[in-house]
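A.B. asks: The structure's right below; bear with me while I get my questions together.
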Amino acid sequence: LFCSGSRSSKTFKPKKNIPEGSHQYELLKHAEATLGSGNLRMAVMLPDGEDLNEWVAVNTVDFFNQINMLYGTITDFCTEESCPVMSAGPKYEYHWADGTNIKKPIKCSAPKYIDYLMTWVQDQLDDETLFPSKIGVPFPKNFMSVAKTILKRLFRVYAHIYHQHFDPVIQLQEEAHLNTSFKHFIFFVQ
């Protein structure tokens, strides 16, 4: 499925778009406007009268896109050779399993792990039964646990970038963007 050293071009660009004019788009605009105030704690608060599932869905898509973009800038530094295991330092090694195609966790390189992860997240975001895009279509009963698993796994990409690739992030002058994105992510998850 994934060749060593090659990248699935579909995975590493933000492409989960929220349709303009939709209620989810309005929620995203609200989140962006609140973020613009510089108060990240306010930016993660559920707006009055809004559905918690929808708020979590919109933000999960947004974090997926942000992480996709951030990781995309350092893919030249994250290779099979430089990162033969997906880790965040010596104490944290991540093995991949999606529960469907790969049931028993496998040890793989960071770029392969992240490719598996982003493809797996994209497939869930595109699944209308999990992330309904139409107004009035209910979220599934297990939506929060699905979203939490996605967010838990997206955290691993931040952890890997910070631990293994912070020097290139600084060289690219992206540390402020990475730090703001990560801080926003942590406040949201909390």
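Every residue, even glycine, has its Cβ placed from backbone N, Cα and C.
Computed from a predicted structure; not experimentally measured.
Residues or ranges marked as Zn(2+) binding site in TrEMBL: Cys78, Cys83, His160, His165.
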A.B. asks: Determine, for the Zn(2+) site, the additional residues of the same chain whose CB lies within 8 Å of the mean position of the CB atoms of Cys78, Cys83, His160, His165; present them in sequence order.
C.D. replies: Ile74, Phe77, Ser82, Ala110, Pro111, Ile114, Ile161, Gln164
A.B. asks: Validating a neighbour-count step here. Other CB atoms within 10 A of the CB of Cys83 (Zn(2+) binding site): how many?
C.D. replies: 19
A.B. asks: Give me the count of other Cβ atoms within 10 A of the Cβ belonging to His165 (Zn(2+) binding site).
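C.D. replies: Excluding its own Cβ, the number within 10 Å is 23.
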A.B. asks: Residues with Cβ closer than 8 Å to the Cβ of Cys78 (Zn(2+) binding site), same chain and 6+ apart in sequence?
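C.D. replies: When sequence neighbours closer than 6 are ignored, Cys78 (Zn(2+) binding site) has Tyr71, Ala110, Pro111, Ile114, His160, Gln164, His165 within Cβ distance under 8 Å.
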